[in-house]
Amino acid sequence: MKSFDAVHNPSAVESADANVDDDGREKRTGTLMTASAHIITAVIGSGVLSLAWAIAQLGWVAGTLILVTFAIVNYYTSTMLADCYRSDAGARNYTYMDVVRSYLGGRKVQLCGLAQYGCLVGITIGYTITASISLVAIWKATCFHKKGHGAKCSIPNYPFMAAFGVVEIFLSQLPNFHKLSFLSIIAAVMSFSYASIGIGLAIAVVASGKVGKTGVTGTVVGVDVTASDKIWKAFQATGDIAFSYSFSTILVEIQDTLRSSPPENKVMKKATLAGVSTTTVFYILCGCMGYAAFGNRAPGDFLTDFGFYEPYWLINFANACIVLHLIAAYQVFAQPIFQLVENKCNKAWPENNFINKEHSINIPFLGKWRINFFRLVWRTAYVILTTFVAVIFPFFNSILGLIGATAFWPLTVYFPVEMHISQRKVKKYSMKWNALKLLVLVCLIVSLLAAIGSIVGLINSVKAYKPFHS
């Protein structure tokens, strides 16, 4: 009898053409290292620097326990999703929607697409805002260093959003996910760099003895927060931690870059383990050391909210690393959106030269570059649109928390579990079936509570928002 991996990964089938894969598509060259880099780029975002705030809302015990628990949950459900990359017949599923169509079908395919692509669009807008915040922080840190910490150093975010958009227009011309490996490797290095700097600065504060007050249950009602704020912020913090590990929105697309041998699901599971375990170590160090340093008054981001002022050059370097990471991560999350629209247009108008024809152009210092005019126009328009939304909704990151809350449950938990039950023919009401259904229910409750916390946070952000100020 054939093993599960042999049935679902027919890597023995090779094409006569060395440049074509077993299904006639472009040969895949992805490896364990490139997949791990993609995962780390997607997972370790600048949000790692806000985990000290999340721990402060929950306290030492609950905060650390939730960090570890959701690392395990995300790894477990990601391995389920990785096993669904190949259909029962052995055919590849190129996107998350294809996987859901193959195993579940019906309206669930459209619900998956709505959750996935809505989340991806939200992330690209959020990254535009976050990058501009880090660029403003660089300008401010230099200003504070020259004029003193009490100086009025203020500059609008908008020019920095526009500059970020211009860079993304150029990078968006990379044809597909397969060409992003070098960007992800650079981004992963940047992630390690700014997270390590944040940890190092927090350790320095702890070593100095000038630390904030911490507690087993975190912020104190009546001292740090009101009773209602304690509840809402605890919900929001739990959601932030749960979503901070999730990369299910692009897991299938990452897996689709892996070469067919060794079996894609085996390599993807190893890459997921490497990515999630590395992320967990950094999350615990950053969250716990940040909380130990700042205590219950930990800032939302201790590099851009000026938890530290000196050494200013190191703060600036860390923020520059964040910007470089976000430049690459934007592409990792945008590529599935680009591919969705382009594939649909290719199928709808297969004879249209504007949509399908590739043109070879010589670009100085880069050599020959293949340009497709539809890709050029559509991707440029998308970047301009996301930049415009970022400019008119600078508090969009609060909205992103709500998007994360609504997308986390279906994409990271519900669909992988339901497809696993279908694929492995898990018997209804068996112990395993009941355990999986309980996991789905618990994660649904977490998502709903986090969504409520995010809505309250969004309302407060809108009330506190002051236009034309960074």
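Including glycine, each Cβ sits where the backbone N, Cα and C put it.
Residues annotated as domain 'Amino acid transporter transmembrane' in TrEMBL: 29-459. Taken from TrEMBL, the feature region 'Disordered' applies to 1-25. Per TrEMBL, the feature transmembrane segment maps to 35-54, 60-77, 117-139, 180-207, 271-293, 313-334, 376-393, 399-417, 438-459.
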* To do: Spell out yes or no: are there three or more C-beta pairs under 8 angstroms between the transmembrane segment (180-207) and the transmembrane segment (271-293), with each pair 6 or more apart in sequence?
  => yes
* Could you check if the transmembrane segment (271-293) is in contact with the transmembrane segment (35-54), meaning 3+ Cβ pairs under 8 Å among residue pairs at least 6 apart in sequence? => yes
* **Best-contacting stretch, by C-beta pairs under 8 Å, relative to the transmembrane segment (60-77) and drawn from 117-139, 313-334, 376-393, 399-417, 438-459** => 399-417
